[in-house]
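Trainee: This is the structure I want to talk about, given as structure tokens.
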Amino acid sequence: MSNQDLLYRYLFEEYEVRGELVQLDHTYRHVVEAQSYPVQVQKLLGELLVATSLLTATLKFEGSITVQLQGDGPVRLAVINGDNNQQLRGVARYEGELPSDGKLQSLIGNGQLIITITPEQGERYQGIIALDADTLAGCLEHYFAQSEQLATKLWIRTGYHQGEPRAAGILLQALPAQSEDHSADFDHLTQLTATIKDEELFGLEAEEILYRLYHQDKVRVFDPQAVEFRCTCSRARCEGALLQIEKEEVLDMVQELGKIDMHCDYCGAQYQFDGIDVETLFSRAPDNDANKLH
């Protein structure tokens, strides 16, 4: 597969149904390799990556979506953030022994799925969904049924292709209600899409996948959108965080530890500050008092 980390939107010309297809390679590897996650957590993050990419593709405005799983199980938190530019990042928190079955409820325990939509202009929206389905895809289908009241079906897969981790998924969604009932059309397309195999999703070009699934239907495929891992951490952000603390307290930490190490959980980057760095940072701050929390 030559073109990786792409999201395709497509439309059925004879049906009131739209679709999305995403395939992730480098983005998935960036997320799971940052923390050397166990296989079960890698799989969960891969599913969340696919879900977040498909969800952000539904945005009709500039903004971001955060898809978060949290509960009392071994995986306390798993979260992916993505924006309308298909820039994704994510992290997970886990402790103790992980169940070998890797099932959603086994990993999260008693928990919930939280979807937060944050437009650049306008109010933030948050939906909280019970983990009342066996899979993340099933939980998201319930979310769409409750929030948008549109028939939606998702296929989310993670695995390996030629020894490398891959994640991919498909979303089918009925268009807003028209005067006629198109449920039979949606069911027809759902049955076709359900024949997709993991090796096809991971190894074939998107155009070939869509042809294999829907070659008897007229499908309009739009230009793909690149998907990428993007972390917003920087040394400047770390400096801003340090400036929120009293200078003497920061210097005490340096004296005790030798230096301050700040670690980004999203990308694994390390930022170090020694005594000279701290003195320089506070000396060039325009107004030290204005940068402190009281």
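From the backbone N, Cα and C atoms, a Cβ is placed for every residue, glycine too.
Small disclaimer: the values here were computed from a predicted structure and weren't measured.
Feature annotation from Swiss-Prot assigns disulfide bond to Cys231-Cys233, Cys264-Cys267; the stated evidence is sequence analysis.
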Trainee: Using a 10 Å cut-off, grab the number of neighbouring Cβ atoms around the Cβ of Cys231 (disulfide bond), all chains included.
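Mentor: The Cβ of Cys231 (disulfide bond) has 18 Cβ neighbours within 10 Å.
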Trainee: Could you give the Cα-Cα distance between Cys264 (disulfide bond) and Cys233 (disulfide bond), in whole Å?
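Mentor: With distance taken Cα to Cα, Cys233 (disulfide bond) is 7 Å from Cys264 (disulfide bond).
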Trainee: Identify, in sequence order, the residues in the chain of Cys233 (disulfide bond) that are 6 or more apart from it along the sequence and have a CB within less than 8 Å of its CB; answer 'none' if there are none.
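Mentor: Looking at Cβ-Cβ distances below 8 Å from Cys233 (disulfide bond), excluding near sequence neighbours, one finds Cys264, Tyr266, Cys267, Ala269, Tyr271.
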